[in-house]
Amino acid sequence: MGWLDRKKPKPITVGINGFGRIGRMVFQAICDQGLLGTLFNVVAVVDMATDADYFAYQMKYDSVHGKFKHKVRTEKSDPKMEEADTLIVNGHRIKCVAATRNPEDLPWGKLGVEYVVESTGLFTESDKARGHIKAGCQKVIISAPGKGADLKTIVMGVNNTEYDPKAHHIVSNASCTTNCLAPVVHTILKAGIGIEKGLMTTIHSYTATQKTVDGPSKKDWRGGRAAACNIIPSSTGAAKAVGEVLPSVKGKLTGMAFRIPAADVSVVDLTFVATRDSSIAEIDSALKKASKSFLRGILGVTEEELVSTDFIHDNRSSIYDSLATCQNNLPGEKRFFKVVSWYDNEWGYSNRVVDLLRYMASKA
């Protein structure tokens, strides 16, 4: 019997390490899905600051996603403290904990934390993320691509059934781009169309790692240019990462990124050679059927002439643009195609982190 099948399951205790852009979005997704206090108790959030009042402000007002829909207030655990250190959301108390360079030092055991969402971007290697387990938790979900022989990368709707609760204790939710691309590739493979080789480009909104004005960036000179007034070519491992969750395309996909002056929502352009003759109609039909069946809630479809802002706060991983599918086949050829799919790289991805958390808990 799975955890979610029990009549009155005790909520799983969760800690979020890194209460920045994705950490806050994951927490908001837990709240919006109605899971706070029912399936999950978020008992602690960790960041450089521990000012609960500032955290409350950041949650209440978001430049992209609007106002927080839940009741939030703050409290001091000790009246003598200068700053509040406890968030209270919908009546649930959440401790604000100071960040540390060593996850082993975090008070997960003391707080009874079972699952940790690792959202700092610093501990993406399994050897480093294992510090959370040494600190007392049971499982770690990395909200970024991860590395390590014992790390399992999961894309919900694609390879989540491979999760083994006895073997996989550190799990990566891959990247937002991989979460967009993988369902499209999975559908093309499942339809028997196949991919002989392909190139992916993600036209990606800017992120917190970029510069507001031109600044130093030794490793990536172009990445040091001002994010809000440049189209910036960049690297991405998202296409290659699809080969980790779908081994049949390993080595067949690669790609690049363009960072653009948009605060949120990105789009994947997949150009590929099919393994057999196909058509726009067949590809279109396969993706539409998948969105209503085995990838329902993960893969969406739009048949309207929409633009990026129309997908802000869309909780799906990937929204296939049916109007954009095209081909470039000479007479007698039927194998060269382009598919386009949108994604809210913040909100869609954060909802998948919650879905992964829920899935893993169901297998406990």
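All residue numbers here begin at 1 and follow the chain in the order shown.
Just so it is clear, glycine is given a Cβ too, placed from its N, Cα and C backbone atoms.
Copied over from TrEMBL, here are the features:
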{"type": "ACT_SITE", "residues": "CYS176", "note": "active site, nucleophile"}
{"type": "BINDING", "residues": "ARG21, ILE22, ASP47, ARG101, SER143, ASN345", "note": "NAD(+) binding site"}
{"type": "BINDING", "residues": "SER175, CYS176, THR177, THR207, THR236, GLY237, ARG259", "note": "D-glyceraldehyde 3-phosphate binding site"}
{"type": "DOMAIN", "residues": "12-176", "note": "domain 'Glyceraldehyde 3-phosphate dehydrogenase NAD(P) binding'"}
{"type": "SITE", "residues": "HIS204", "note": "site 'Activates thiol group during catalysis'"}
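Same-chain neighbours of the D-glyceraldehyde 3-phosphate site beyond SER175, CYS176, THR177, THR207, THR236, GLY237, ARG259, judged by a C-beta within 8 angstroms of the site's C-beta center, are, in sequence order, THR202, HIS204, ALA238, ALA257, SER266, ASN345. Put simply, of the binding-site residues ARG21, ILE22, ASP47, ARG101, ASN345, the one whose Cα is nearest the Cα of THR177 (D-glyceraldehyde 3-phosphate binding site) is ASN345. Spacing of SER175 (D-glyceraldehyde 3-phosphate binding site) relative to ARG21 (NAD(+) binding site) is 14 Å (Cα to Cα, whole number). Of all the recorded positions given, namely CYS176, THR207, THR236, those whose Cα is no farther than the 10 Å limit from the Cα of SER143 (NAD(+) binding site) are CYS176. Here the candidates are the recorded positions CYS176, HIS204, THR207, GLY237, ARG259. The one whose C-alpha lies nearest to that of ASP47 (NAD(+) binding site) is THR207. Taking a C-beta cut-off of under 8 angstroms and a sequence separation of 6 or more, GLY237 (D-glyceraldehyde 3-phosphate binding site) has the following same-chain neighbours: PRO145, SER175. Rounded to a whole number, the C-alpha distance linking THR207 (D-glyceraldehyde 3-phosphate binding site) with ARG21 (NAD(+) binding site) is 9 angstrom.
Within 10 Å of ARG259 (D-glyceraldehyde 3-phosphate binding site), as judged by C-alpha distances, the recorded positions found are HIS204; the full candidate list was ILE22, ARG101, HIS204, ASN345. Close to HIS204 (site 'Activates thiol group during catalysis'), meaning Cα to Cα within 10 A, are the following binding-site residues out of ARG21, ILE22, ARG101, ASN345: ASN345. Pairwise Cα distances among SER175, CYS176, THR177, THR207, THR236, GLY237, ARG259, the recorded D-glyceraldehyde 3-phosphate-binding residues, top out at 16 Å. With respect to their backbone Cα atoms, ILE22 (NAD(+) binding site) and CYS176 (active site, nucleophile) stand 11 Å from each other.
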